[in-house]
Ligand SMILES: Nc1ncnc2c1ncn2[C@@H]1O[C@H](COP(=O)(O)OP(=O)(O)OP(=O)(O)O)[C@@H](O)[C@H]1O
């Protein structure tokens, strides 16, 4: 019986009897007891030693609080540091850009390669001379032993290594991280080291690799506030065709690439490979693979001559982690094809064609640079693929750096001078910040505006002075008028003449259009007063001009300060007497029926025509609108007033001294007469203006005519009412003048 059979038997026994064996039962009981004992012992030991006291809890609590405080402090300080760093970055960016702007947005570095083996073997000598005291200058010894000096932003001598070159270049390339578009290109004769400067060799890596290395380095440094993504594209422009250098060569024909304008206005090449790069390790391999595909050929100037322009584009997309600001900028690193003379390299066939394309695009680049220099409105970017691609990164706010590569060999003297002259022209663009130069044009405009403003201010000041002096004169005259008015008001009482008018008619000077005549030796009934010209019961009464029918009923109207007369058709045979009134408000009759052409009694109005009669009276007023001659015994017919205007007359003693522009002219023509021009009030206006006194002229009595307020008002009034406008706006104030108001 084997072991299997025994266990089967035990199982059967157990199942049969449905109960366990006493041994196994005992074992179970014992194991349970042991377990309980174990737990009991453990619990006992815990109670004794392991439960921490309240001091431990306190300590734990304290540590927890301290941990929280420290954590909070750390977070605060790191925030503060971040902020400070950000501020520093902003300030650095601002200062750096200021420096770049001051130096010029286009900078030119010159690099001279050493004499190569072949040249040394040929016994070629160097024609480039460097003055140790002048770092940025070089001299070219011409064939006639004369020296030509050139100055650039930096000059690298044959001994300068790649590191020294990049040390000067790095501030410009890194501004791409601040959101600026940057373009660096190497220009020069074939075999002068353009590719060496830009690409370099595995032992002496050039600007391209070092740039990416620097960009990675800085983006790592700024990682706490900035997040950068770097992309690389590589293309060549060969015979005016764009070729993607990051696409592996295949049997399929290459994709046709074109320059297109993106929605944001930048120039893009749709379909161009854009490789995201994360570190320097992959970059070198990528650049090398691109360079390998590049079109090269052998010329007698360079065994591995670049037959195309090689463009490396680094796109930087940045996100500011503090303020969320996003930037996207391009850095172009261009290795141009050699600027060689076709005949010099003895190019033929394919090489000749290549050279022609190369020279054409280089000349287009020269044109763009010239246009940028002369700030012409149109920059011919589209004349070549090269300039079209670089459009967004050449000129304006972009930062441009040009390496002009030269050979020291005497054999290359001509080409060297050509390259240096071109580079000098390019540098001319960057003489001073682009924005500053743009401001100069604006500055000139502002200067002109400022001068104009200054002149206008001067004029205004002058006018204000004139206005002030006129106001002063008016004030003086107002006082005089007030005194005169008082005197006149007293006089009629003394002489028992009818009162001049109710005192309530005392109006401010502005509203006074006339004064009553001074007391006259002529009996009252012969003077041109209201009482005289409005007899109560004769025909003359009807002939008198009156303002309205109602007016005649009111006595107050008959005693105005301003005398109102009505013109009559016939005034009788007697010689009319000159009114000593200075101004009379006159109501004009309708023109034709009431103004007989040939009676002495008519109202003789001055007019400047040759037909005017010999009567000099119309010439008497100096500031008068009209001189009025009225008969001593008038038999005027009452006429319906047509128009109302003011007439001024002057006392006869003014006659001989009155000189106005018009009288002078009329006198000289002998054309002064007495013909009335009442019919044409517009002419009156003009005459009134012309009759206004000459500045500073004085009357026989010594009064300054110019200062007479009536004259001023008279003149201004007509100027205002008629087509003749006052010269200056300040005399347009309607309150200052009485108006000639036709009604
Ligand atoms: N500064 C330098 N120091 C040492 N060697 C240099 C220097 N510059 C150029 N060279 C060497 O001169 C040769 C020609 O240089 P490179 O090919 O860069 O000229 P290139 O201007 O690019 O010519 P191409 O326009 O024909 O392409 C290379 O062998 C390069 O290593």
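Glycine is treated like the rest: Cβ placed from N, Cα and C.
The shown structure was predicted, so the numbers you read here are calculated from the model rather than taken from an experiment.
Of the candidate ranges 320-361, 362-403, 404-445, 446-487, TrEMBL annotates residues 446-487 with the feature coiled coil. Around residue 194 (ATP binding site), the same-chain residues at least 6 positions away in sequence with a Cβ under 8 Å from its Cβ are 186, 187, 188, 306, 335, 336, 338, 403, 405. When averaged over the coiled coil (446-487), pLDDT in the model lands at 88. Other C-beta atoms found within 10 angstroms of the C-beta of residue 192 (ATP binding site) number 30, with every protein chain shown included.
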